[in-house]
Amino acid sequence: MSNIKIAPSILSADFSKLGEEVIAIDKAGADYVHIDVMDGIFVPNLTFGAPVIKAIRNKTDLVFDVHLMIDRPERYIEDFANAGADIIVVHAESTIHLHRVIQQIKATGKKAGVSLNPATPVDVLKYIIDDLDMVLVMSVNPGFGGQKFIESAVQKIKDVRALSKTVDIQVDGGITDKTIGRCIEAGANVFVAGSYVFSGDYKERIESLKRG
Ligand code: DX5
Ligand code: ZN
C-alpha cells in the first residue's frame, strides 16, 4: 500500500487560486501534482501551458507530472522541461515519432511517460517499454474531468504489467475510492484523481485512495 502514489489533477482545482491549491494538496499528502495540458486539437478542451506551470513551480517541491494532451508534443518538450516538469507524458496517438519524442524528453534530464487513449492497444509500447519511466493508462477519453471510469482499463493495466514488472503504471480518469482497488490489483501504482480529491476534504480523499 505504501508504494501507491496519488497525483491530484489540478484540472479540478480552483484556477483563480492555483498556487494555494497546489500548497493545499501538498499539505494533504499528495505525492505528485498532475498537470493536464490541453490544446483544443488533440482533445476538445483548452487548459494552460508552460507559463502557468512555471508560475506554480515555487509553491511546492512535489513532483510535477505533466500530462500533455497536445498535437505533436515534440514542439514544446523543452518549454515544459524548463517550466519545471519532472515527468513529461506524451500520448502515443499525438505524434508520428514516439521513440524520438521519448529520447527528446530524456535529453532534458526529465522522466518520460507515454499515455494510451482507451482504444489504443498496448502493442504500441512493445519496442519502447524499456525507455519509459511511466505508462499512463487512460480510463476515460481525455479532455475533461468528472467522467465515468471505463472498465476495459483494468485489463489494459494487466497487459502493461505483463510487458514490464518495473515501469510505473499510472491510471487517469474516474478514479475514486470505488474504482482504485481493481486498478491496484491489476498492477497500477500511480493514481490520478481530479474531481474525487477536489470535491471533498483533500486530506480525507487522498487517505481514502491510499487505503485502496
Ligand atoms: C482527463 C485528464 C484527467 C482528469 C481526471 O483528460 O487527463 O487528469 O483531470 O479527472 P477525474 O479524476 O475527475 O476523472
Ligand atoms: Zn491527466
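Cβ atoms here come from the backbone N, Cα and C positions, even for glycine.
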*Among D172, D177, D201, which is the one TrEMBL gives for the divalent metal cation site where H34, D36, H67 also bind?*
D172
*To the nearest whole angstrom, what is the C-alpha distance linking H34 (divalent metal cation binding site) and G174 (substrate binding site)?*
14
*To the nearest whole angstrom, state the Cα distance for the pair H67 (divalent metal cation binding site) and S9 (substrate binding site).*
10
*Count, for each of the binding-site residues G143, G145, G174, the other C-beta atoms lying within 10 angstroms of its own C-beta, and report the residue with the smallest count.*
G143
*asked:* Validating a neighbour-count step here. Other CB atoms within 10 A of the CB of D172 (substrate binding site): how many?
replied: 25
*In Å, rounded, how far does the Cα of G174 (substrate binding site) sit from the Cα of D36 (divalent metal cation binding site)?*
15
